[in-house]
Amino acid sequence: MKYLYNWRLGGLARNQQRTPGASEHLGLVQKESGRDGKGHGKMVYRRLVPVEIPDNNNENELKVLRALEKDEETKENACDLPPKLCSLQCCPSWLQFNKFVLTGYRCDYTVSECLDSLLYVHNESVNIYSHGIPCVLMMILIPLTASQACLESSFWFSLHYFACFAPFFSSPIYHLFMCHKQGSTAYNGLLTFDMCGIWAVNTFGALCGIRATLFCFPIWRMTALITYILISFISLYFILGARTPKERFVPLTVFGVMRYLFIGVRLFLRYLGYGCGSDGALPYCVLMDLFACVGGVINIARVPEKWFPGQFDIIGNSHQIMHVLSVISVIFLHLGSSKEFEWMAEYKC
């Protein structure tokens, strides 16, 4: 079997037929220094395209090959130097996590080039700003609008405050620098950092509700808090070891199951006549988990880009929808927790 071997030097694209070596990977872009016809230094982009070429080409097959060559030349134009953006085929494997987003990728950037990408549009722009802006707003507005009841419980309110902005702090950093030239090493480290932010909001964001539910039962309250934190650290181990969004979603659902378990306990205690948290906080708790769960399912399902590949590369794809829903979810978390703090400051067991 032979493959179409495409290379580009100084803006010229040519095609050759040959059989790839055993050590060569199809679809991999290789960059090498070269010179154009005038002796100027240029960057060579090479790529093996997995198209079988029959030995006895007929006229129809030759037409297909010519069309492929034209298509490959167009794709190679997307693999130019920054700030030009790359197509999916030009990206390294660790950036090809959504096969339905076809264009707008950044590859092999330095730190300064990553920062420069804040000033132009690419397929991570919405992801960066949809969490970066809420991060700044929450870091400023939550302390400024905190009630006296929140400030009196400074330790627990600090954990709640950290939970609200942690995912929106780690996420923009991950999305901004994921294309760094250090490759998979940098990407995996940034992904771990992003997952820790998601873990933080699930772990520390639920503590206020647990305290309010078992407010009149100090021993059970402390036991529940310790158990929840221990299970959270076990979940973190599986989250960091996951390789796909689907694998990460499974341990994250553990947090939802535990939170709804405490909602059941709260309803049972209320039926028995015990004080167990603010009535006004419960709807916010349900809405928080609902928006977070819907966002996670949409992200795994890859809709709507799964139905229209390439049409939602810049805006409107599943990950961006999840980002918006997660912001709404954390807003509900803050509103519900604020009511819990006020209830615990006023209620007498």
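Placed from the backbone N, Cα and C atoms, the Cβ positions cover glycine too.
Note that this is a predicted model, so its numbers are computed, not measured.
Record note: TrEMBL gives H319, H323 as Zn(2+)-binding, and the candidate from H122, H160, H175 in that site is H175. Long-range neighbours of the transmembrane segment (158-177) within the same chain, counting only residues 6 or more positions beyond its ends whose Cβ lies under 8 Å from a Cβ of the stretch, are 111, 114-115, 117-118, 124, 127-129, 131-132, 134-135, 138-139, 142-143, 150, 186, 190-191, 193-194, 196-198, 200-201, 203-205, 207-208, 323, 326-327, 330, 333-334, 337. Residues 209, 212, 245-246, 249, 252-253, 256, 259-260, 263, 266, 318-319, 321-326, 328-330, 332-333, 335-337, 339-340, 343 of the same chain lie 6 or more positions beyond the ends of the transmembrane segment (281-301) yet place their CB under 8 Å from a CB of it. The residues near the Zn(2+) site, meaning same-chain residues not in H175, H319, H323 whose C-beta sits within 8 angstroms of the mean position of the site's C-beta atoms, are E124, V126, N127, I128, S130, H131, S171, Q320, M322, in sequence order.
By number of Cβ pairs under 8 Å, the transmembrane segment (189-213) is matched best by 219-240 from the list 128-146, 219-240, 249-269, 321-337. With a cut-off of 8 Å between CB atoms and residues at least 6 apart in sequence, the same chain places N98, N127, N299 near H319 (Zn(2+) binding site), listed in sequence order. The stretches the transmembrane segment (128-146) and the transmembrane segment (249-269) do not meet in space: the count of Cβ pairs below 8 angstroms, excluding pairs fewer than 6 apart in sequence, stays at fewer than three. Within the same chain, the residues at least 6 positions away from H323 (Zn(2+) binding site) whose Cβ sits under 8 Å from its Cβ are V126, N127, S130, H131, S171, G295, listed in sequence order.
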